[in-house]
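Undergrad: Let me give you the structure first, and then I'll get to my questions.
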């Protein structure tokens, strides 16, 4: 069948989808930022609760341990959620899996919001676990990136997926702004601040049912061509989209009815070896260039010489900078900062360099990583790729958050030299190895990687099989 509609592409339909999908990213950014501001109030709450419960004051080491657990449980939840994203996205579809993810998100906000009323700091820990598992780079975020990439037409695929970075930055900015003393960052309102994340989840639950499932999922996984055509018309508007549908059919023919692969298959299969290596190295940029030591953002600013009363406003500036740079995402670079105590202007110079650092991150890895798994993996490997990507992100974040204070203690202001070394190495790798994906179909990208995955006769056989699949679908 062909889609007999007026020619032309109407971006307003795809923009509507992008506008909704950004809510998941805003929710993720808010989850990362909201835990920072109420630290002192939460510590006081833990101390008071412990005193009432056990009639003795807890030691400072115990308080620090409890708060470290509150912070770190978020990363563990993110890892657990990432590991379940592949199965749920294939078993129930992208849309239903995202709907499911918002229910625990509401439970998380409820637990944290009522923790003070119930006198239980364990509710904050449980809420953070649910929030990490089902909101951020756990279940919802990985499936959302997959959904956004598969719903976008080829010429807008990268642009739509990169809006995820912008929306995450917006969420962080909103979290920082709400945490100011003038808004919700006071002792009486910190439970409300920690429960604000319920608003994006509620919005998604009310609006997502009006959107279709991913056209690629419907055609390739469910073999529902009618549903695919209907979804394409709803998402992309009136126009002749047979070229896009033919591309999906070519990908369906290339995988020859294979079921979705597991993470173990991802490691074993030689045909995706260099895709996996590329994804791992680029994904590691999210942590190993040093930008995600945001758990210690306030400490970094205080060490740089910024008065404690002003650190929250500086963090707000970091959020604005990240929003602006992810909007301008084109290419990546890096910078490091160095602080000194000799001159009064040095602290503010250090903060300016941190802003430049954030800008270089925003126009590089932050934007590129979002569409990367969609563009370099075909349908059968894509869910496993997102599981691997999410698990890698959270494991590295946990290790970095654990080791960074010791790195700073040992190296001082030279700590970021480690991140600089990795950044330079990755720039060389991307320039020499990684193929360009812009304007190419999934099969064309696969052929580019086959030149790396295979050598000699095996490579030629793989390329011939891919070309044969494309020619067969074209003749049909």
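Cβ coordinates are placed from backbone N, Cα and C, and glycine is handled just like the others.
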Undergrad: Do you know which of 13-33, 34-54, 97-117 TrEMBL annotates as transmembrane segment?
TA: 97-117
Undergrad: Tell me which of 246-266, 309-329, 414-434 corresponds to the transmembrane segment entry in TrEMBL.
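TA: Checking TrEMBL against the ranges 246-266, 309-329, 414-434, the transmembrane segment one is 414-434.
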Undergrad: Decide whether the stretches the transmembrane segment (65-90) and the transmembrane segment (384-408) have at least 3 CB pairs under 8 angstroms, with pairs required to be 6 or more apart in sequence.
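TA: Judged by the Cβ rule, the two regions touch, with the required three close pairs present.
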Undergrad: Do any residues, 6 or more residues outside the transmembrane segment (97-117), come within under 8 Å Cβ-to-Cβ of it, and if so which ones?
TA: 24, 27, 45, 81, 85, 88-89, 123-124, 126-131, 133-135, 139-140, 143-144, 147, 190-192, 194-198, 201-202, 204-205, 208-209
